[in-house]
Amino acid sequence: MAKLKAFLRDTDGFYLLLIAACSLLSVTLLLSWCNSVSPAPAPGFWEFLVKYRVALIQLLAVAAGLSCALIISRMDYHRMTPLWITYTAAIWLLVLLTFLRAGPFGVSPGDTGAYCWIRLPFGLALQPTELAKSSFILTFSLHLYAVRHTDAPLAVAGLIAHLLTPVVLIHLQGDDGTALIFFVTGLAMFLSVKHKLRYFIGTAAAALAAVPIVWQLMAGYQRARILAVFAPGRLDSLTLESILYQQNQGLAAIKAGGLFGLGLFKPDTTYIPAANNDFIFSHLAEVMGLAGCAILILLLAGILYKTLSIGIRSHDFRGRTIAVGVFTLFLAEAVINIGMNLELMPVIGLPLPFFSSGGSSLMGAFLCAGFILSVKRNSFSEKL
């Protein structure tokens, strides 16, 4: 018992409890969703597996992800640089293989237009860019550490290239939502270190200059999604109705849930496209009401608070930048995802951390959590 208490103290047991609670709530919601999609009882074991396949995969991903987070938490991230490099090379090799768009590589689920998946046996699929999020945070923190004492133009240019390379690659895959997350995460890490006024002014100027260029590079449906939320008057009624269908269904589900929801495992819930993934928040609101939404937001807020507080208390340069990266990643995904569900932001296909179905995104979130636990356990003073 003493060893268990020491282990939980070293690895921040409350942080583990928060991510475990999020994940188990996610599995419960997905079991409820599976039941609403196929309300008929499963007569046998095989039929049960088929009916609850999405939830069972999520449960396995939770077990694997939590195990990985615990293993990483016991490792000293200072001494993992060779492993970081190997891990990063392997992940980005898988990302590059998706550009083949042949055989199992470069699969686009549904009509998303994002060719960023690798088909696996048994009907499974891997999205390497979800795992690449943690590798980017690790390598970018190491790069920032390497040039921490210089503001030479060449050093800053190298950082910008490091930031923009994955953004461009993921954009070419057609997954602009994930590309945006990489950009925001890297920018926050950069500005947390290079916090002189000229960098903030330069960033703002570059962002303003890039807006018309990015707008022209967007596909027509992407521009329509943005206009539907922020300037609906510029679209005709039929286009607007089509673009907002998913979000309108999500809002209808949220309204139907009321304060305490309709209850879990109900067969007659509102049909919402991707209710198990991008719109898991709407499904939660329908079955658990505003009370359930409050629980979800409190759990995520707790994870964000602990992540940021670990970074603030860290006396280590790399530990702080890793914490900033993970905090920004989780915050950006949560705000954008919930904003999509509330029709406050356009749909760009981002998961809700620890809640949306998908083994790749869940494993990526657990890897990030594992590195935060490693920072908490192994952060110590160094010569800055």
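Any Cβ shown, glycine's included, is placed from N, Cα and C.
Caution: TrEMBL annotation is automatic and unverified by curators.
The transmembrane segment annotation in TrEMBL covers 52-72, 84-102, 131-147, 154-171, 177-193, 200-218, 287-305, 317-340, 352-375.
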Any contact, the transmembrane segment (177-193) to the transmembrane segment (131-147), with at least 3 Cβ pairs under 8 A: yes
Contact ranking winner - 84-102, 131-147, 154-171, 352-375 against the transmembrane segment (52-72), Cβ under 8 Å: 352-375
The transmembrane segment (131-147) in contact with the transmembrane segment (352-375), cutoff 8 A, at least 3 CB pairs, sep 6+: yes
